[in-house]
Amino acid sequence: MVSAQLHFLCLLTLYLTCGYGEEGKFSGPLKPMTFSIFEGQEPSQVIFQFKTNPPAVTFELTGETDGIFKIEKDGLLYHTRALDRETRAVHHLQLAALDSHGAIVDGPVPITIEVKDINDNRPTFLQSKYEGSVRQNSRPGKPFMYVNATDLDDPATPNGQLFYQIVIQLPQINDVMYFQIDSKTGAISLTPEGSQELDPVKNPSYNLVVSVKDMGGQSENSFSDTTYVDISIRENIWKAPEPVEIRENSTDPHPIKITQVQWNDPGAQYSLVNKEKLSPFPFSIDQEGNIYVTQALDREEKNSHVFFATAKDENGKPLAYPLEIYVKVIDINDNPPTCLSPVTVFEVQENEPLGNSIGIFEAHDMDEANNINSILKYKLVDQTPKVPSDGLFLIGEYEGKVQLSKQSLKKQDSPQYNLSIEVSDVDFKTLCYIQVNVIDINDQIPIFETSNYGSKTLSEDTAIGSTILIIQATDADEPFTGSSKILYKIVQGDTEGRLEVVTDPTTNAGYVKIKKPLDFETQPVSSIVFQAENPEPLVKGIEYNASSFASFELIVTDVNEVPVFPQRIFQANVSEDAAVGSRVGNVTARDPEGLTVSYSLKGNMRGWLKIDSVTGEIFSAAPLDRETESVYRVQVVATEVGGSSLSSTADFHLVLTDVNDNPPRLAKDYTGLFFCHPLSAPGSLIFEVTDDDQQSLRRPKFTFALGREGLQSDWEVSKINGTHARLSTRHTRFEEQVYNIPIRINDGGQPPMEGTVFLPVTFCQCVEGSCFRPAGRQDGIPTVGMAVGILLTTFLVIGIILAVVFIRMRKDKVENPQSPENKPLRS
């Protein structure tokens, strides 16, 4: 009140010293004006001084004054009470100037008072408890319920901008939040983890504590409120149906219902997504979720179909993830056997013995493999010519093996036979044809043009696929038959299979190529022996001899190579409490040239490890800490000793297993806990604890107790779950002060760790539900004595000014005796 009076007197002094004849910031002529005033200001605050000219002698103020706004005769406009924006945000007034008879001589003009907002209202939830439900596997980010709070402050200013957040989720499994809230709208939805993991069988309900703050949640001085949210988890019936089987080429009337999907609530709009972009797409869905096949399907064209069913709301937004629909097309026997080629050609030597296999004949059926519809039977139905007799050949009924059945063949009887083969499945038959060419007997062996191809020197880094030698053998048997075709193989000197020989079918030349990398260290010199042979067997009495063999010497030269690790990543596990100097792992590398290898570490940023440069053994060099780094990664460098000092690297990962070496602690800062004094009833507060050790898949199991004897009569601590507890008062007789309550917490580990934390709980007077702390003495703010001095000084200045004014007026009367003020009144 004193400060308000001082403010009013200062303004009055300013008006008096400035004079009424000059227009300034605080005074001016009568005209339409708009003023902005913060709500909550002390009363008797001067707003403006309006000035007018004779014959006006006073003012009249009308409109939405609400008994608050007044105007003095000299035009001082002020308010008598503190303004409240929530009661009226804008006051529309009318101001007129009146003469001595009360008649309007100027105006009225509109005067607008805009009440500016201050943060004098706390946000309040519309309900102290909300209840909602959500289906498992619902789409993350899609709201399933809202919490709403109101704040009477101006929503266009930060004072009325609300910020929602989830403070506690119970239960909270593995520190994973299953729910999220839109900080501006209060919309609650599932997180991606919640969409995947919520299961009504495991946890049918969850409890949330939600807070709302004004000032957009950005100020420490913002007001807040909390509410409780109970959420039940409902089973999701939006599930993919079992795979569907449809028999191909159905003659039933279409469309045919094959399966159904169903959204959890009525009103969903269903559609199918053609994943494979088939045209036309042979499936449809109605608004009951029934899925139909719209036309006959062909298994040979496509043996299965995969597409998706979607459910959307009335705005076309997806309600959940699409469901995969799998349709398998069941085979029917609708395809006859087919021949792989118009004519299959086999060769047989003269005089081959009875029963020899000539070849394996194969046909194909497009019906489903390993199915009765695709099992084929073979039958020989004709032989041309029938010389020297019919029935010279036979074929296996199922395997298709063609053999000589009566006697050996002679080229002079017929150089060629044509066989007709009937191939059949359950319902169909097809004729295929085999041509059997009778060729000269294989009585000539391949002969190399030289028995020694000398030597060749190559570096060990010669590219794979390079041709290093061409060898040649000849065969005097009938050209372009199996008796004269030559195949080359390496029979000696290449046990690792580093080389291969490819035959030119026209010239029978053999191209020797590198198949695998050469290696100087394992085989610097190779004595290679080639053999040339025919695919057709030699006649009895003829054997391959030295003419069918040739030799070659391959010399491999060294290329200096980096040391080689047997693997790219080495990994070891060790307990974080391992003693300094403990052996934690070992790495090895080999230098291809046989040089000694030296080991060193790279990227050992924390200095936790050291390595034996000779053996590659790795030891701890400092205390390890899993909470600082659970997997410590370094690189091991292997360097040649001598030579070119080439080096290579491998990764070493040290996985630290946890030791229960961290005591429990509060999960966050709890310095803002308070109760309004005096307590009307016993109250309680919820707090959360954690520790820095690795949490197992099971939830933490902290236990709680008061940390000092004698507190049990005033306080009680009770466990909510493995991480949360409730601190409750046992009575209401607490003094207005801060209580630091010790809480003893045990983590139940092996070995168990115990810690004592202190919860500061303040008992204080409350204003609008928040703790009110009166401000102390601050520099720059006047004391009561100073205020009295200022007040007396102000009165003194006013007295001097008034004296000057009266003296000047008296002087004017003397100098102007006929002025209107000095004329006597007429009778």
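Quick reminder: no glycine exception, Cβ is built from N, Cα and C everywhere.
Positions annotated as signal peptide by Swiss-Prot, on the basis of experimental evidence: 1-25.
Summarising the annotation, Swiss-Prot assigns domain 'Cadherin 1' to 29-127 and lists sequence analysis as the type of evidence.
A 10 Å cutoff on Cβ-Cβ distances gives Asn148 (N-linked glycosylation site) a total of 14 other Cβ atoms nearby, all chains included. Annotation source Swiss-Prot lists N-linked glycosylation site at Asn148 (among others), citing sequence analysis.
As annotated by Swiss-Prot, domain 'Cadherin 3' applies to 244-339.
A C-beta separation below 8 Å, combined with a sequence spacing of at least six in one chain, links Asn249 (N-linked glycosylation site) to Ala296, Leu297, Asp298, Ile332, Asp334. Per Swiss-Prot, the feature N-linked glycosylation site maps to Asn249 (among others); the stated evidence is sequence analysis.
Residues or ranges marked as domain 'Cadherin 4' in Swiss-Prot (evidence: sequence analysis): 340-448.
Under the heading N-linked glycosylation site, Swiss-Prot lists Asn418 (among others). Neighbours of Asn418 (N-linked glycosylation site), defined as other CB atoms within 10 A of its CB across all chains, total 14.
If you take the C-beta of Asn545 (N-linked glycosylation site) and look for same-chain residues 6 or more apart in sequence within under 8 angstroms, you find Ile445. Residues or ranges marked as N-linked glycosylation site by Swiss-Prot: Asn545 (among others).
Per Swiss-Prot, domain 'Cadherin 6' is recorded for 566-666, and the stated evidence type is sequence analysis. Mean pLDDT across the domain 'Cadherin 6' (566-666) comes to 91 in this model.
Counting every protein chain shown, the number of other Cβ atoms lying within 10 Å of the Cβ of Asn573 (N-linked glycosylation site) is 12. Among the features that Swiss-Prot reports, N-linked glycosylation site is placed at Asn573 (among others).
Within 10 Å of the C-beta of Asn586 (N-linked glycosylation site) there are 15 other C-beta atoms, taking all protein chains into account. In the three-state DSSP assignment, the secondary structure recorded for Asn586 (N-linked glycosylation site) is strand. What Swiss-Prot lists as N-linked glycosylation site is Asn586 (among others), and the listing cites sequence analysis.
What Swiss-Prot records for 667-776 is domain 'Cadherin 7', and it gives sequence analysis as the kind of evidence.
The Cβ of Asn721 (N-linked glycosylation site) has 14 other Cβ atoms within 10 Å, all protein chains considered. The annotation N-linked glycosylation site is assigned in Swiss-Prot to Asn721 (among others).
Residues or ranges marked as topological domain 'Cytoplasmic' in Swiss-Prot: 808-827.
On the backbone, the CA of Asn721 (N-linked glycosylation site) and the CA of Asn148 (N-linked glycosylation site) stand 28 Å apart. Counted as Cβ pairs under 8 Å, contacts with the domain 'Cadherin 1' (29-127) are highest for 667-776 among 244-339, 566-666, 667-776. Break the domain 'Cadherin 6' (566-666) down by DSSP state and the numbers are 0 helix, 48 strand, 53 coil. Counting only the Cα atoms, the space from Asn573 (N-linked glycosylation site) to Asn418 (N-linked glycosylation site) is about 72 angstrom. Residue pair Asn148 (N-linked glycosylation site) / Asn418 (N-linked glycosylation site) shows a Cα separation of 91 Å.
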